[in-house]
Amino acid sequence: MAAQDHQHDNHRFGLKDHWCCLAAMTLVSLSTFQYGLDFGIISGLQAMVPFLQVFGYFDSNLGPAGGWNISSERQQLISSLMTLGAFLTSATAGFTAMFMGRRASLWTACVLCVVATIIMQTTSSIAALYVARVVIGLANGLLLTYSQLWILECAPAKYRGLGISAFQIWTAIGTLVGALVDNFSNKYNATSNAAYIVPLGIVYIVPGIIAIGLFFLPESPRWLLTRGPAGTEPARAAIRWLRPAGWDVDAELVEMKTAYETELNLETGVAFWDLFANPVDRRRTLFSVGALLCQASCGSMYMLAFGTYFFLIAGVGDPFEDTVILISVAVLSSVLNSFVVMRYGFRRTMLTTGFVLCGICQLIMAAVWHAKPFTVSGGNTVVAMSVMYLFFYGGCIATYGWLAAGEMPSQRLRSHTFGLAVAVSFLFSWVTIFTAPYFINPSELNWGPRYGYIWFGSCFVTAVWLFLCFPETKDRTLEEIDEMFHARVPGRKFKAYQCVGATLGSTTGKHEHESTAESSVVEKRGVVEEKGLEDTTA
């Protein structure tokens, strides 16, 4: 009881009390600004004449007087090689986490961003451009994976959703800034290479801010505890830095340490194959991967990566201005979601609703364009449905997919599991980006917006899976989630399940002694683990 008593006492601290942790989360979440910025800039570059003059060709079949175009092969590689690089660093996250902390990985990413941008700004070689796209992909993979791991492991349970929602806000803002800079640069440098060199220059800003800010932030306490006894005191210091004055630091440290050590007693392996070695870890891995696959299975990647080009070939108004409008709506939905996520941000409900609504938008867009291609009414419908699609995606899918994927893994395997989930998501995103030009490019299948038929089917299948199988983890501590998975709780029953172990920030009272707390947690968790083992035997 003593272990539970301190928790409600910690719960009395509000948003303002956690200002230090929230400020640190905001800085770390800036990592996704770079990821969104890359999408925004690259999407626009492929519609700029100076860029096409260097890396494309003159197409006499494009319009009455011809025009500059880029081959689908180069278009595929420019967009998809970034995703391939991100896949590589995400897939190896579990291995690099064995000797590199979250901060060291983020510093490495900042350096890679600068190197890649210098190459892209100075080269006229398509091969060098390809190399730069891989390098910036490596950086983005590190930024996305380790920044979210840091927030998931450092944030109080009730503010974890708010911290991850900031990721989507920064991603959307980064994409918007990239589109805006492309728009103005294309207008004022329409005949000069500065049209695409200037937008690339803003990539330096955010990595510089993050690299400096990381000197003032602590390492993740949960990662420090995986370092063995030597990590205990640094972890305690990290928690003390992250929590308000008066917080029961020792009790939270005991909760983290006991949960991690209990896991090690059950399963000693900390390797890639341990993700699938037993039913509990295998289930957690599949849910984490499935949650992040939501990013790709709704079709968002082709809308984000090819939005400007998509509008250009569809003949829908000014493609740059339409893209700015489109991304502005994504920013709005992400900001509005930050006010929703703490109180109403149920993962399963929001994801299922988002897929239903996004699927309807894709179906309407495809059907109208199929019936009225290259018409004013057809073009207006494409713009309207695209706007609604990104609003629903930003408000219901983007935040909750990343959030749920990070909550599912155990601390013992979190780097491996989350890294694999991010890698698989990037792999499927790469497939989407790589194949999209075949469907939308006039020189290939020339489907244009009819490509939405495919994504309607994908949205429908994903929505059914989410509704029937996905667990609800809102307001649960990572240690409570551990308990429910070990107890083999069905996904649809997570929301109502009453945990028997100590749960930070969810019960009542005041912690008195660390030793009492530790023994209480061990005793209560033993009940759950014993039940889980009996279920396995049965």
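Keep in mind that glycine also has a Cβ here, set from the backbone N, Cα and C atoms.
What TrEMBL says about this protein:
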DOMAIN    24-474  domain 'Major facilitator superfamily (MFS) profile'
TRANSMEM  35-58  transmembrane segment
TRANSMEM  78-99  transmembrane segment
TRANSMEM  106-124  transmembrane segment
TRANSMEM  130-152  transmembrane segment
TRANSMEM  159-181  transmembrane segment
TRANSMEM  193-217  transmembrane segment
TRANSMEM  286-312  transmembrane segment
TRANSMEM  324-342  transmembrane segment
TRANSMEM  349-371  transmembrane segment
TRANSMEM  383-405  transmembrane segment
TRANSMEM  417-440  transmembrane segment
TRANSMEM  452-470  transmembrane segment
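Using a cut-off of 8 Å between Cβ atoms, the transmembrane segment (383-405) and the transmembrane segment (159-181) share at least three residue pairs, counting only pairs 6 or more apart in sequence. Using a Cβ-Cβ cut-off under 8 Å and counting only residues 6 or more beyond its ends in the same chain, the transmembrane segment (35-58) has close neighbours at 66-71, 74-75, 78-79, 82, 124, 126, 129, 136, 140, 143-144, 170-179, 181-183, 186, 189-196, 199-200, 202-203, 206, 304-309, 312, 319-320, 323, 327. Restricting the average to the domain 'Major facilitator superfamily (MFS) profile' (24-474) gives a pLDDT of 85.
Comparing 78-99, 324-342, 349-371 for CB pairs under 8 angstroms to the transmembrane segment (417-440), the maximum falls on 78-99.
Counting Cβ pairs closer than 8 Å to the transmembrane segment (193-217), the top stretch among 106-124, 159-181, 324-342, 452-470 is 106-124. Remote same-chain residues near the transmembrane segment (349-371) are listed as 291, 294, 298-300, 314, 377-378, 381-382, 385-386, 388-389, 392-393, 395-397, 400-401, 404, 448-453, 455-456, 458-460, 462-463, 466-467, 470, 472 (criterion: CB distance under 8 Å, separation of at least six residues from the stretch ends). Sequence-distant contacts of the transmembrane segment (78-99) (same chain, six or more residues past either end, CB-CB distance under 8 Å): 38, 42, 46, 55, 105, 129-130, 133-142, 144-146, 149, 223, 272, 305-306, 413, 415-420, 422-423, 425-427, 429-430, 433-434. Counting same-chain residues at least six beyond the ends of the transmembrane segment (159-181), those with a Cβ under 8 angstroms from any Cβ of the stretch are 15, 18, 21-22, 25-26, 29-44, 147-148, 151-152, 198-199, 202, 206, 304, 308, 320, 323-324, 327-328, 330-331, 333-335, 337-338, 341-342, 345, 394, 398-399, 402-403, 406-407, 474.
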